[in-house]
């Protein structure tokens, strides 16, 4: 493994002393309103990710109602989960232009609308559009801001804060499984989805709590030194330095453009202040022009940041470790999603429904998942522990459990494996921390958007693939084996790239010594 975080060849925000130094602490960083942000993110994870983890209940109802194949029906859940994550890069554009608060509020309305419209579904294809696409896009518009805001408000205790907020997934999976099961039994699945849509409107409240940090507060989190002598002393890898430099590439043009717009707005304000004798219509026109000008500046700056992150010279994809991270994400998430969607069917096949009704296996995963996120977050925040190593160990444990699960055919055996899956999947709380360490706080929204987009592709094709394999073999065993092997390929990419990054600076220094 790796002795320290620096060994994998990139700059870690909280440990690196090169190019930045902490200054007078802000009460809202690592405290104060930061904990309100954690609570808001916690509720978002309950209402979005928790609900999606409980879709196995609705999946069984849809199978009975519409009489379609397991593979086709599983696409409804997969579309919802997948689109929630796939839209991440585009939600990054919304965040750059509108901010996290406005993006989350709009997403909450869209998510609730998707649930409510799905209550009137006449076939599976109708659910593809209403639940899969509409509710999925709405979920994505709330989920990404919830993660990004926690990263902005915390510096010293990032892993713990992300761990606490993302435990909402575990709580939500446990609560929503019980709630949806009760609602479907008492009122039918259609009314259950209508009620869930009304509950989802609380996402708008969560979004309203996401108060943005002022530029001054962001500067107080880190002060970046622009001294050329210190820049020459940096020992970062080439790929990471390119991504970090992205913030400086468009700074001067942005400042010049902002100054020009200020002059225009100033000229608008002069007549506004001194033109009391003017007509009300001209005053209204001036105010409208001022508002449109400010909005156009905001949109252009947001789009410029988003575009440069993905397609500019300082693209995030020039960071090889980040690219390896994206490849890993393409295979990883389906291994976690498949058990949630298909475990109820597996339990029914093994005639374990009586035990599962007492304590569902999905609830075991959800409950232990809560402890896994908190414990792994606390461990990762210890000064002597590498977050990267904890992340890798949790991945190895999870892929082992996925490959072992088909061998268990008793309730006790399945319960033990599900508990290990729940604990090891707690590494999800470390994903934003590792991403921020790779690219920095400024690019966290865009970078994490790419990561969850890759996760979304994995979630989109994983459950339908498992259902398709079942339709062919009448077993779920091969689905877990193939998913586990693909997951292992992703982990191998994570192991290879840091080693390459580590060797490159040494090779360069050897060449310079020879010259």
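For all residues, glycine too, the Cβ spot is worked out from N, Cα and C.
Within the chain, the transmembrane segment (33-55) has long-range Cβ neighbours (under 8 A, six or more residues past its boundaries) at 76-77, 80-81, 84, 104, 111, 139, 142-143, 146-147, 149-150, 153-154, 161, 164-177, 179-180, 196, 199-200, 202-203, 206-207, 209-211, 340-341, 362, 366. The transmembrane segment annotation in TrEMBL covers 33-55 (among others).
For 37-502, the entry in TrEMBL reads domain 'Major facilitator superfamily (MFS) profile'.
Under the heading transmembrane segment, TrEMBL lists 75-95 (among others).
The transmembrane segment annotation in TrEMBL covers 102-120 (among others).
Among the features that TrEMBL reports, transmembrane segment is placed at 126-148 (among others).
Annotation comment: TrEMBL describes 160-180 (among others) as transmembrane segment.
Using a Cβ-Cβ cut-off under 8 Å and counting only residues 6 or more beyond its ends in the same chain, the transmembrane segment (192-210) has close neighbours at 36-37, 39-41, 43-44, 47-48, 51, 58, 100-105, 107-109, 111-116, 118-119, 131, 138, 142, 145-146, 149, 179-180, 183-184. Feature annotation from TrEMBL assigns transmembrane segment to 192-210 (among others).
Feature annotation from TrEMBL assigns region 'Disordered' to 230-279.
Annotation comment: TrEMBL describes 233-245 as compositional bias 'Polar residues'.
Taken from TrEMBL, the feature transmembrane segment covers 321-341 (among others).
As annotated by TrEMBL, transmembrane segment applies to 361-379 (among others).
Residues or ranges marked as transmembrane segment in TrEMBL: 386-405 (among others).
Below 8 angstroms of C-beta separation, residues 147-148, 150-151, 158-159, 162-163, 165-167, 169-170, 325, 336, 339, 343, 346-347, 352, 355-356, 359, 361-362, 364-369, 371-377, 380, 387-388, 390-391, 394-395, 397-398, 401-402, 404-405, 444, 448, 451 of the same chain, each at least six residues beyond the ends of the transmembrane segment (411-434), sit close to that stretch. The transmembrane segment annotation in TrEMBL covers 411-434 (among others).
According to TrEMBL, the feature transmembrane segment maps to 446-466 (among others).
Annotation comment: TrEMBL describes 478-496 (among others) as transmembrane segment.
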Long-range Cβ contacts under 8 Å made by the transmembrane segment (126-148), restricted to residues 6 or more beyond its ends, are 40-41, 44-45, 48-49, 52, 62, 75-76, 78-88, 91-92, 94-95, 100-101, 103-104, 106-115, 117-118, 162, 165, 193, 203, 206-207, 210, 432, 444-445, 448-449, 452
The answer for the transmembrane segment (321-341), taking Cβ pairs under 8 Å and residues 6+ beyond its ends, is 8-10, 53-56, 59, 74, 77-78, 81, 85, 173, 239-240, 243, 361-362, 365, 395, 398-399, 402, 405, 418, 421, 425, 434-435, 438-439, 447, 450-452, 454-459, 461-463, 465-466, 479-480, 483-484, 486-487, 489-491, 493-494, 496-498, 501
| said: I'd like to know if the transmembrane segment (478-496) touches the transmembrane segment (386-405) in this structure, counting it as a touch only when three or more C-beta pairs sit under 8 Å and are separated by 6 or more positions. | reply: yes
Beyond a gap of at least 6 residues from its ends, the CB atoms lying under 8 Å from the transmembrane segment (160-180) belong to 34, 38, 41-51, 53-54, 56-58, 146-147, 150-151, 153-154, 192, 196, 340, 360, 362-363, 365-370, 372-374, 376-378, 381, 422, 426, 428-430, 432-433
